[in-house]
């Protein structure tokens, strides 16, 4: 793909998301979602490989179905209440349909099966865009309609997603699929807190975006597509090895790293609302996710792959770690002391 066309696609992608995030009318939000979907289809299928074409087709079908459901739910609401305002969704069947549509749009379990397949058929950079930027528009719609979405549906989706994201990720050897299930698990945590505290949901989303961007940046820099590939990361850059290890532990939610903050606040809020069994299930599901993060940490930082003498010195030829990677990695590790500032 030529740089000009790629730039146009990325700017269309950004425009679609911004239109959805800034609109209060359902039709404008739907137009933004459609523009967003149509812009990323060529980006996914740039490889000219059957797998990338399949990924683009799967992505298009699921996103088109979800957008149609969103439009249908808003039309039913407008028919019954006479308003197209996103914040005024007061008709219960519309709200239930909207929650299901947004779950499909985001890839929340049990509507998650498209996400690992699409990421596996894309490049690492495209997978980064799908797991970060593409979550912004649906999450902004969830934030705007948080007071009207059925809490029971959101909590159910949240628990199923966090458990599925942990359980299904255990068996994966491809880093893109691991990141897909990581994304499902994190979105499950966000969905479970949405109806109780939308502000914590936004904070969790921001931290998730920072950590995922940091990890994908290191995977792109080291060209690691499988767990086996991560064993040679140390030859590229010793700094990268350490930062990748810390970012993985942060994604797992270990204190005193940044990733502990959203899990801590969400569990605290759930227990405050007398939802202790739910909080226990989510905490247990976090342990499942932690296993595959620790497995990646082990292969990245603690194993020495069979190597030749020349291989050991590869980092001398490319000593600089990208500044963006270092910035996101720093944020992924050191934000926990800022908790009082974030909460205020």
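Each residue, glycine too, has its Cβ placed from N, Cα and C.
Features as listed in TrEMBL:
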{"type": "DOMAIN", "residues": "25-288", "note": "domain 'NADH:quinone oxidoreductase/Mrp antiporter transmembrane'"}
{"type": "TRANSMEM", "residues": "59-76", "note": "transmembrane segment"}
{"type": "TRANSMEM", "residues": "96-115", "note": "transmembrane segment"}
{"type": "TRANSMEM", "residues": "152-171", "note": "transmembrane segment"}
{"type": "TRANSMEM", "residues": "178-196", "note": "transmembrane segment"}
{"type": "TRANSMEM", "residues": "202-221", "note": "transmembrane segment"}
{"type": "TRANSMEM", "residues": "233-255", "note": "transmembrane segment"}
{"type": "TRANSMEM", "residues": "275-294", "note": "transmembrane segment"}
{"type": "DOMAIN", "residues": "290-343", "note": "domain 'NADH dehydrogenase subunit 2 C-terminal'"}
{"type": "TRANSMEM", "residues": "324-343", "note": "transmembrane segment"}
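Taking residue pairs at least 6 apart in sequence, the transmembrane segment (59-76) and the transmembrane segment (324-343) share fewer than three C-beta contacts under 8 angstroms.
Through the fold, the transmembrane segment (202-221) approaches residues 124-125, 127-128, 131-132, 135, 139, 143, 175, 179, 182-183, 186-187, 189-190, 193, 233, 236-237, 240, 243-244, 247-248, 250-251, 258-259, 261-262, 265-266, 321-322, 324-325, 328-329, 331-332, 335, 342 of its own chain, all at least 6 residues removed from its boundaries and within a Cβ separation under 8 Å. Mean per-residue pLDDT, taken over the domain 'NADH dehydrogenase subunit 2 C-terminal' (290-343), amounts to 78.
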